């Protein structure tokens, strides 16, 4: 390893649905953090690893900051706050088309307590007129002393390469923590469950999305060398179970079809996906079930 190899951990933080997962997936080049047009889709810290010949960045994608409504919400916000004290740099991401809000001030107040450099990332610049950008920059400049302010469009890829170069410049010298071909530190089961959950979020509406968890029950190869994946979608109410199954099972088939496509792309092999639905009342407020479904923390 060269003596000037750089590496570091970077936290991506912001209000719900500002495009944090979209940005990380664009940088890494694979879908490892789920994306949805519904807020609060990211639950566990997801580490995306980006490696070049002279640097390695480990991105931590946190739940969006929001006012919690239940113990799962408390858990999500606690993860986001904890990461501020664990990382080498912080990326505070905002939506260009939403402007300054109370949720942003809450995050800025949190940032006053940290020593790591903070970069303001203004995302979704493709949704505003260029004349709207400068007033937004001036507003945030008056609120906090950011290391740099960088406008991007994570979805379109605009200015993302420049942002990565800037972040690389600020990395400390350090070891290569992960092999160069590794893009996440999460096991396959976790990423597969996230891909299934993404399809539920995308295809269902109203109260169903944030009332669901996905548990991978079994992964094995069958006699035809096809990967058999069995998973359970857990929801809180029987009425939600009906929505997830759909008329004559059409919704569940749709979820399975779309999830299978992404899982096959991830694993590079043919997949047979079996999905079941289970009702676990009020699971988001039950510590033992949060633990069972993969939310491992003393801060539920």
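Glycine is no exception: its Cβ is also placed from the backbone N, Cα and C atoms.
Sequence annotations record features per position, and here Swiss-Prot assigns domain 'Era-type G' to 6-173.
What Swiss-Prot records for 14-21, 61-65, 123-126 is GTP binding site, and it gives sequence analysis as the kind of evidence. Mapped onto three states, the DSSP output places residue 125 (GTP binding site) in helix. The Cβ of residue 125 (GTP binding site) has 21 other Cβ atoms within 10 Å, all protein chains considered.
Annotated region 'G2' per Swiss-Prot: 40-44, in sequence order.
For the region 'G3' (61-64), the model's pLDDT averages out at 60. Among the features that Swiss-Prot reports, region 'G3' is placed at 61-64.
Positions annotated as region 'G4' by Swiss-Prot: 123-126.
Residues or ranges marked as domain 'KH type-2' by Swiss-Prot: 204-281.
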Packing count at residue 17 (GTP binding site) (other Cβ atoms within 10 Å of its Cβ): 20
